[in-house]
Amino acid sequence: EHKSSKYIIMACKISSVSYFTVPFFILLSFSPLAFSQLDYNFYDYTCPDLENTVKYGLWKAIMNDTRIAASLLRLHFHDCIVDGCDASILLEDTATFKGEKNAGPNRNSVRGFEVIDDIKAEVEKACPSTVSCADILTLAASQAVHLSGGPYWSVPLGRRDGRKASQKAANQQIPSPFESLENITAKFTSKGLDLKDVVVLSGAHTIGFAQCFTFRRRLFNFKGSGNPDPLLDSSILQTLQSICPKGDATKNVNIAPLDSITIDKFDNVYYKNLMKKTGLLESDQALLGLPKAASMVKDYSLNPYQFADDFAASMVKMGNIGILTEEEGEIRNNCRFVN
């Protein structure tokens, strides 16, 4: 009972006093042409309490597991970056296609499916066959950030759900923490994003955890050198080596926080960590290897409000990748299966 009360108080405080509130003019600055297929008021008449339903469902999930906020944010990204924001990542394998859940970047890694199922069930009670799983996932990612102390932004809606998924596409299109910044940026630009979006959206790593296998090679024998990654500061090396002992593959599923300073709080400390060479993933620390990206990292480390504004803008931009509208897709009754 005491633990539950603590989480309720924490969630209420986060929701009501977050200093990361995006100015209204930022929300109005998106080009209407860029988002003409979506509408900020799409469900105003057909499902007017949608946002509150999603927020409450997510709030309950975070009370039970604070990690779920980062998991849903990642789930949304892994959906959008693979052939668009169509909720394809939620689909189970069928006789006609292998879905994305078991692709290399997702297998035993992506989480939050049950939370989306629960929110979808509540939405269906209030507004049957009205709201797509793609819109629910997009709203959940937004609320995950806000309930973790990050910015709030309005979400344009009206996406339809895809009728297929591709394990091959997921393996090819999702950026890997082992890839060069050049390759990662190329995957972003192929989706209409740019280097700024790479730097800004990487800031999502201010919350969440990573499994040992994603950063183990930095700890002992980096690129065959026999030594740790020189870009990893010695101040965190011993702690990470204790989490991921050398030569013990059974520990590959152990986890470490992406931001060990403010683990569950959405803020700009991620960028401060990069400036101190304490970024967990190679792909994070690599942002300092390109002068233009490094300049943005420094700016965001000094200006949390600028990061909040830019993160909200990049999330809306990402949420518009490859969307399906009207008859191009469907509204699934169950997020895991095509109707």
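Glycine residues also receive a Cβ, built from the backbone N, Cα and C atoms like all the rest.
TrEMBL annotations: computationally assigned, not manually curated.
Other Cβ atoms within 10 Å of the Cβ of HIS78 (active site, proton acceptor), summed over all protein chains shown, number 22. According to TrEMBL, the active site, proton acceptor annotation covers HIS78.
Residues or ranges marked as Ca(2+) 1 binding site by TrEMBL: ASP79, VAL82, GLY84, ASP86, SER88, GLU100.
The Cβ neighbour count for PRO175 (substrate binding site), using a 10 Å radius and every protein chain shown, is 20. Taken from TrEMBL, the feature substrate binding site covers PRO175.
Feature annotation from TrEMBL assigns heme b binding site to HIS205.
The Ca(2+) 2 binding site annotation in TrEMBL covers THR206, ASP259, THR262, ASP267. Counting only same-chain residues six or more apart in sequence, the Cβ atoms lying under 8 angstroms from the Cβ of THR262 (Ca(2+) 2 binding site) belong to THR206, VAL269.
The disulfide bond annotation in TrEMBL covers CYS47-CYS127 (among others). Sequence-distant neighbours of CYS47 (disulfide bond): residues of the same chain at least 6 apart with a C-beta under 8 Å from its C-beta are VAL123, ALA126, CYS127, THR130, VAL131.
Residues or ranges marked as disulfide bond by TrEMBL: CYS80-CYS85 (among others). In sequence order, LYS191, MET318, GLY319, ILE321, GLY322 are the residues of the chain that are 6 or more apart from CYS80 (disulfide bond) and have a CB within less than 8 Å of its CB.
Residues annotated as disulfide bond in TrEMBL: CYS133-CYS335 (among others). Within 10 Å of the C-beta of CYS335 (disulfide bond) there are 22 other C-beta atoms, taking all protein chains into account.
The disulfide bond annotation in TrEMBL covers CYS212-CYS244 (among others).
According to TrEMBL, the domain 'Plant heme peroxidase family profile' annotation covers 37-339.
Listed in sequence order, VAL110, ALA204, GLY208 are the same-chain residues at least 6 apart in sequence whose CB falls under 8 Å from the CB of ARG74 (site 'Transition state stabilizer'). Under the heading site 'Transition state stabilizer', TrEMBL lists ARG74.
The feature transmembrane segment is assigned by TrEMBL to 7-30.
Nearest neighbour of PRO175 (substrate binding site) by Cα distance, taken over the recorded positions ASP79, SER88, CYS133: ASP79. Distance from the CA of CYS133 (disulfide bond) to the CA of VAL82 (Ca(2+) 1 binding site) is 16 Å.
Summarising the environment of VAL82 (Ca(2+) 1 binding site), the number of other Cβ atoms within 10 Å of its Cβ, over all protein chains shown, is 28. In the predicted structure, the domain 'Plant heme peroxidase family profile' (37-339) carries a mean pLDDT of 96. Checking each of the recorded positions ASP86, GLU100, HIS205, CYS244, CYS335 against ASP259 (Ca(2+) 2 binding site) by C-alpha distance, the shortest gap belongs to HIS205. Within 8 Å of the Cβ centroid of the Ca(2+) 2 site, not counting the listed residues THR206, ASP259, THR262, ASP267, the chain contributes ILE207, ILE261, ILE263, LYS265, PHE266, ASN268, VAL269, TYR270.
Neighbours of CYS85 (disulfide bond) among the binding-site residues GLU100, HIS205, ASP267, defined as a Cα within 10 Å of its Cα, are absent: none qualifies.
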